[in-house]
Amino acid sequence: MQLKPYARTLAIALSLAVVAGCSSTGGGQDGAMDGGLSGSDRGGVSTGSADGRGVSGDRAGQMADAEGRIPETRTIYFEYDSDAIRSEFEPVLTAHARFLRANPNASVMLQGHTDERGTREYNLALGERRAGAVERYLNVQGVSPSQVEVVSYGEERPAARGANEQAYAQNRRVVFAY
């Protein structure tokens, strides 16, 4: 079948548009404005409420007490475009693992979130990777996979509104929902 020159050009342009529309830019997603921020500005978010009440990651890990209560700290935060668990939140995760091991009938939903930057699809995938990283950590700590469910909300349920680094940092999180 012989295509006319303009039809061939149109077919090539359409193919390129489809490929470009499906690709992700990677580095520009979920935080392209992070350059030049200090360590405390790049996700050094305290764990707790907006009014300043909260605990550090180290202290939060001690919240799962001998009475078997759910740990108070139920949110951990992530760096820009990352699903790596920050070392300051390992005590929090260990406390949740301890609680879940001690209560085999308990279950938790890990809700992955991102900030508003990036495409909807990319942010849903990143939120799932973040929740999945927490799930793997809990499994390594001996928590039964049947006790853990993973869901991603991407950018759909922000904890903070605003187009600034403080709001973005509060939205890059995984929430433990018991």
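Glycine residues also receive a Cβ, built from the backbone N, Cα and C atoms like all the rest.
TrEMBL does not curate its annotations; it predicts them automatically.
Positions annotated as signal peptide by TrEMBL: 1-20. Annotation source TrEMBL lists region 'Disordered' at 31-68. Feature annotation from TrEMBL assigns compositional bias 'Gly residues' to 31-46. Annotation comment: TrEMBL describes 65-178 as domain 'OmpA-like'.
Remark: secondary structure over the domain 'OmpA-like' (65-178) totals 47 helix, 21 strand, 46 coil, with classes taken from DSSP.
If you take every residue in the domain 'OmpA-like' (65-178) and average the pLDDT, you get 96.
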